[in-house]
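Encoded as structure tokens, the structure appears first; notes follow it.
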Amino acid sequence: MTHYILAIDQGTTSSRAILFDEKGSRVGQSQQEFPQIFPDDGWVEHDPEDIWSSTLAVCRSVLKDTGIDAQAIATIGITNQRETTILWDIDTGKPVYNAIVWQDRRTSGFCQSLSDQGLSEKVQEKTGLLIDPYFSATKIRWILDNVDGARETAQSGRLAFGTVDSFLLWRLTNGKSHKTDATNAARTMAFNIHTQEWDDELIELLGIGDVLFPEVMDCSADFGVIDASWLGAEIPVNGIAGDQQAALVGQACFTPGMVKSTYGTGCFMILNTGDKAIRSEHKLLTTVGYRLNGKVTYALEGSIFVAGAAIQWLRDGLKLFADAKETQSLAKQALNDDSVYLVPAFTGLGAPYWDPDARGAMIGLTRDTSVADIVSAGLRSVCYQTKDLVGAMAQDGATFSSLRVDGGMVINDVMVQFLSDLLEITVERPCVTETTALGAAFLAGLQVGLYQSLDEIEVLWKADKCFEPTMEKGTGDKLYQGWQKAVDRVRTRD
């Protein structure tokens with residue numbers, strides 16, 4: 001009998017459900033986009049009910065489309081957009097405010113005040129993170145301070161906090177399970193990555209001590225059982241990881257020194273550092289790669305806020321094309337893309353700049369600039385930002401000769417080839433590019449015995465195509481210098 005794993009991949013712009021067999025082969029998939037809410041400059045929100053309804057819809061859809069009975073699903077794995085913050089009343093199950101998305105910059109002033117108080121060192125030492133609006137803790141504080149009744153609900157012991165995984169788990173189990181995993185907890189700025197516990201000192205300093213925090217589990221664990229009313233059967237949830245850490249597992253980067261980069265709404269490069277929590281001196285993040293059987297594997301991460309979101313903006317905002325698939329053919333038509341730069345700092349700049357007040361710019365436009373040139377500049381902006389991260393990792397002592405890539409953008413051969421040319425290394429694209437969902441499936445499968453070890457998972461990884469550098473030496477460096485000048489023009493801080 002075939003054992004199936006249902007992977008829920010709740011992302012920034014869409015929710016997906018992917019059904020895998022135990023060999024890691026995709027059996028079926030369903031995806032549904034949901035609205036983005038932009039109430040103010042630099043603010044990004046989601047309606048938690050949209051997150052919930054779209055997730056439930058795709059789970060039901062993939063079962064219907066494949067004809068597979070819910071009884072045949074051995075386990076569920078959840079992976080999710082990280083840092084996005086939801087607070088809900090445990091009595092009603094209803095959120096008290098919209099989900100504040102990881103891209104949201106509304107708390108930049110509060111973050112600056114924390115830095116001015118001299119807390120940067122303490123925060124980085126305990127959490128591995130920099131003080132930034134990106135992370136969950138200051139979003140919690142904003143809701144408590146600005147939403148009528150939120151602090152009173154918290155003080156009465158009824159206000160639960162969760163990242164998206166925790167919120168979905170609560171809903172799926174009808175409020176029986178308030179849990180998260182170590183990778184999601186590590187992105188809140190309230191979790192001590194060394195003790196692997198919520199940090200009471202930071203929580204009190206941030207003024208969020210009245211909120212109910214979820215129990216932190218290994219990435220493979222018994223998180224709870226979903227109510228039969230949702231999919232027609234009681235199914236255990238046995239794997240949870242934030243999307244980028246799930247991709248690290250899906251890419252089988254289990255050996256220290258292995259690195260992957262995921263290209264979705266944003267871009268996230270993660271380097272496995274083994275049992276050592278390496279502190280970056282160049283504005284990278286020290287984080288949890290995964291935690292299994294109580295043992296933590298640490299990672300060094302560079303986070304870019306806008307990657308695929310730049311292409312989405314070119315499509316939906318500027319209406320330069322109707323479908324993202326058109327970008328490959330358009331990029332091939334570009335004639336002036338060497339001189340056109342798009343800096344997609346729509347919600348500030350992430351690593352290694354960490355400038356929340358920077359804003360986007362398009363530089364080098366002339367009367368000859370075409371749609372193809374602008375589209376190519378959008379694709380290249382993702383590669384230039386990746387090189388920013390590679391440079392920061394190199395300064396922290398990391399060396400690597402290859403990079404594993406995944407996510408929706410990497411089906412674009414033109415972009416991936418330019419990435420290889422720019423970095424001057426081999427870039428490997430796996431057969432399964434949606435490795436985020438695959439990683440969640442692997443983690444769930446580990447817990448229920450479908451896989452006995454990470455070694456067993458590693459042999460399932462297969463490369464679809466390896467891209468080797470073809471650009472004339474020195475050309476990439478010249479192009480990158482142009483990028484650095486463009487970035488300097490939008491930065492507001494050193």
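Going from the start of the chain as shown, residues are counted 1 onward.
Cβ atoms are placed via backbone N, Cα and C, with glycine included.
Feature annotation from Swiss-Prot assigns ADP binding site to Thr12, Arg16, Thr265, Gly308, Gly408, Asn412; the stated evidence is sequence analysis. What Swiss-Prot lists as sn-glycerol 3-phosphate binding site is Thr12, Arg82, Glu83, Tyr134, Asp243. Look at Swiss-Prot and you will find Thr12, Thr13, Ser14, Thr265, Gly308, Gln312, Gly408 tagged as ATP binding site, backed by sequence analysis. If you look up Swiss-Prot, you'll see Arg82, Glu83, Tyr134, Asp243, Gln244 marked as glycerol binding site.
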Note to self: Using a 10 Å cut-off on Cβ-Cβ distances across all protein chains shown, tell me which of the binding-site residues (Arg16, Arg82) has the largest neighbour count.
What the structure shows: Arg82
Note to self: Around the glycerol site formed by Arg82, Glu83, Tyr134, Asp243, Gln244, list the extra residues of the same chain whose Cβ is within 8 Å of the site's Cβ centroid.
What the structure shows: Gln81, Thr84, Trp102, Arg187, Gly242, Phe268, Ser303
Notebook entry, point to check: Which of the listed binding-site residues (Ser14, Thr265, Asn412) has the least company, meaning the fewest other Cβ atoms within 10 Å of its Cβ?
Noted result: Ser14
Check: Counting only residues 6+ apart in the same chain, whose Cβ is under 8 Å from the Cβ of Gln312 (ATP binding site)?
Finding: Thr13, Thr265, Ala324
Check: For Arg82 (sn-glycerol 3-phosphate binding site), which of these binding-site residues sit within 10 Å, Cα to Cα: Ser14, Gly408, Asn412?
Finding: none
Check: Which residues in the same chain, at least 6 apart in sequence, have a Cβ under 8 Å from the Cβ of Gly308 (ADP binding site)?
Finding: Tyr263, Gly264, Thr265, Gly266, Ala324, Val382, Gly407, Gly408, Met409
Next item on the list: With ADP as the bound species and Thr12, Arg16, Thr265, Gly308, Gly408, Asn412 as its recorded binding residues, calculate the greatest Cα-Cα distance and give it in Å as a whole number.
Entry: 21
Item checked: Spatial separation of Glu83 (sn-glycerol 3-phosphate binding site) from Ser14 (ATP binding site) - C-alpha basis, Å -> 16
Next item on the list: Between any two of Arg82, Glu83, Tyr134, Asp243, Gln244, the residues recorded as binding glycerol, what is the biggest Cα to Cα distance in Å?
Entry: 15
Item checked: Among Thr12, Thr13, Gln244, which are binding-site residues, the residue with the most C-beta atoms within 10 angstroms of its C-beta -> Gln244
Checklist line | For the binding-site residues Glu83, Asp243, the one whose C-beta sees the most other C-beta atoms within 10 angstroms | finding: Asp243
